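Engineer: In case it helps, Swiss-Prot gives these features for our protein:
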type	residues	note
SIGNAL	1-19	signal peptide
REGION	58-139	region 'DWL domain'
MOTIF	140-146	motif 'HVLVXXP motif'
CARBOHYD	534	N-linked glycosylation site
């Protein structure tokens, strides 16, 4: 029997390499006792027999050049001629061990069954594994502590910390950037994918949010935006950046509290006292997702830097935003179609539908790629039906209240921003969303909708709806008929503009009729509309009178196929009327092809009382 000096390393703990002297005839259980005795503080709450021990073998290369763990096979004659070697202390894997990190090879070494305590070291080392004799400048034994087994020195005297065993958070130190991606070995909790796409906006926002020109003072930042746009994933990106920079970070996550002390990832079981200024200091970044930092028990937010990610809601952001120093607010942008195309291969189940969902629901990955069980038009219709008109034009902001309809209406209303992401606009998810809002509200809230035509100043959402409201309103006026102010349109070359006149449009003999297309022989004095929204020629027609275009802008062109349709409308039918609001009636000019006789008809805004609630216009 020979006394050997074994260099041991605790997997996942920085600076944990230490030596143990023991007789090689002793049992493995005695080695465990010796390891615990050598590091009593590290193994304070774990019994020696619970430790898992693995041999630190030097890797060999397989046929592809990849490093793999050598396996001793006594039946192979060539293996009896040469002993397996120990892991050199300058090998890449050994250096990572000393830093408290791990890699694929360390994972491979510790993936097998640990040796039984009843075996002798001689049997374990030489008989079963044919190892060479231990010497200096080597790592010999890897020590793995089972879950809940670590008792690490607390970072503060009163906080309770333990080594992190969550595989996702444990890997952050070893995750590298590959192109525009972070590649993980475990699934991200939110996306259930192993890759995180680094949007250019992530980098810009993080650069500004984490920059603190006032050394020694706390820094506050708020990142907000449309639900489902990726704010929580952005928090993981910020966590990765701070860890790579070896900064102290405390993450408030749904999976628990995670603390990185600059070298090791820990789980926080109890926060240190708010009086512990060594722990709570401006260099500590607290990352908070969807919680009001001022209401988190035990968090002295005035002593540390805080980044809060939240949807635009007063209960999460309002009180925190009041605290000095004033938080920098950033607005996470919607995803472009190109960005979504980059991550779409990770969601093969959405391959056939994501582009249509993007057109309908806007640049929100959760709705476009992840939660795709509901038809997008049905999703928008449900939101329109569940919300009042006031709900549908309320301006979202960080001061917005939260009620039962908040989440629903955010399917319709999004927040758009551009670099440097400090300002935002409230917009609708899509043209389809606006069409459906007007269509569903026209029957019961017609007066309110019509009131927007002349009094929507100050509310960009209401202004966005005006074009679609005008189409519905103009169609009703057409169906009713009557006398309208009008003028013939001429090219810009004509110096004199003809005077206004009046024209009588006959009342439709029946309510507007839906037709597949314009056809010869359709009834005179009957208003027809196309049955599909993608009918591109004209918006409506009346045989022996003419075709109609609902127009809310000066640049409206004549659609392809209009001339052919007008030719089928019979006597006096080959003419095109542009129905225009007061804003554009005077300045509207003749469009190409100019061979078509064209007229502008003034459709005045209705004179109705504005019934919108004041809150929607604030």
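The count begins at 1 with the first shown residue.
Heads up, the Cβ atoms here are built off N, Cα and C, so glycines get one too.
Neighbours and distances for these, please.
Structural biologist: Nonlocal intrachain contacts for the signal peptide (1-19), taken as residues 6+ away from its ends with a CB within less than 8 angstroms of a stretch CB, comprise 25, 31, 35, 38-39, 42, 56, 89, 94, 97-100, 102, 106, 110, 121, 133-134, 136, 138-145, 150, 152, 163, 170, 263-264.
Counted with DSSP, the region 'DWL domain' (58-139) comes out as 24 helix, 12 strand, 46 coil.
Using DSSP to sort the residues of the motif 'HVLVXXP motif' (140-146) gives these counts of helix, strand and coil: 0 helix, 4 strand, 3 coil.
The secondary structure of residue 534 (N-linked glycosylation site), as reduced to three states from DSSP, is coil rather than helix or strand. Annotation for residue 534 (N-linked glycosylation site): no same-chain Cβ neighbours under 8 Å separated by at least 6 residues are found.
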Engineer: What average pLDDT does the predicted model assign to the region 'DWL domain' (58-139)?
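Structural biologist: A mean pLDDT of 83 is what the model gives the region 'DWL domain' (58-139).
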